[in-house]
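Each remark here refers to the structure printed beneath this line.
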Ligand code: F6P
């Protein structure tokens, strides 16, 4: 292993920069040359690849987003498009590729590792925490803290106006962000795709809360369940009350990465390069019970990420 490349792909996540820094510095520490691929797979196809030095990743550990830029490239599913990318890597004499991203990015990485001799390792970077075989993904903790901060703020106004508020959070088809934010934000109701709740239960909760003199209600809704505005209209119809909805949107993807995300990303980046140095390929790094692990891409895809529903039960008991 002499030359490696690193790219970030799919939705950006706070902490991706810390992972890029860790890959670059671990590579250089171990005597490797390292290249940054700009704009994810798009940059791989368009040959937007530049050599990186230690200083190029200075001052980025605390920055959200990704200095390598990111893009979604559906065309990468086409083997002919991937061949262009492989040729570009071969021209530069790259032996190893680190892909930082979510499951869409992993699919590209898995195909590449099956089609070329260049070794490929994935690092889970997405706020959704929806990747199997790792307890946490880079960006999840920061996004979670952003959501909880928003819930605290919305609660102030919900309380002043004695209103119910829906807070719609990201997560694609996974409820992890909503679940943990619901617990940490002390929400009265929580809707996640993994545990469908009848709308009449939410109405009963709002009514029961009012009976006990509760002045407001916070409903945390995962985007994978339904749109917040639609739910607000339904609840208004059933309760006859004004229900407001706040869709947090992309603010959840930005901001300074939390200390936990920086540490996780640094460990993942370092471990990914260690795996390449050991000539491993076609694997994704992860963390399980605070231990670094690596899993074959095929196994990542043949297992499903599961949200911890015992936490859901805890939230039910605490939000009475
Ligand atoms: O995967 C990260 C994520 O932010 C999801 O939570 C969300 O559903 C999606 O990306 C939004 O994608 P885009 O930025 O392309 O609108």
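Just so you know, glycine gets a Cβ as well, placed from its N, Cα and C.
Annotated features in TrEMBL:
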type	residues	note
DOMAIN	3-276	domain 'Phosphofructokinase'
BINDING	11, 72, 73, 102, 103, 104, 105	ATP binding site
BINDING	21, 22, 23, 24, 25, 155, 186, 187, 188, 212, 214, 215, 216	ADP binding site
BINDING	103	Mg(2+) binding site
BINDING	126, 127, 128, 163, 170, 171, 172, 223, 244, 250, 251, 252, 253	substrate binding site
ACT_SITE	128	active site, proton acceptor
These are the binding-site residues: 21, 172, 214, 216. Which one scores highest on other Cβ atoms within 10 Å?
21
I'd like to confirm something. Which of the binding-site residues, 21, 214, 251, has a Cα closest to the Cα of residue 105 (ATP binding site)?
21
Hey, of 102, 103, 214, which of those binding-site residues are within 10 Å of residue 126 (substrate binding site), Cα to Cα?
102, 103
Please check the binding-site residues 23, 103, 186, 216, 251 against ligand 1 and give me the ones with CB under 6 A, sequence order.
none
Helix, strand or coil at residue 25 (ADP binding site), per DSSP?
helix
Quick check for the class: what is the C-alpha distance, in angstrom and rounded, between residue 216 (ADP binding site) and residue 253 (substrate binding site)?
28
Let me know the largest Cα to Cα distance in Å among the substrate-binding residues 126, 127, 128, 163, 170, 171, 172, 223, 244, 250, 251, 252, 253, as an integer.
33
Any idea what DSSP makes of residue 172 (substrate binding site), helix, strand or coil?
coil
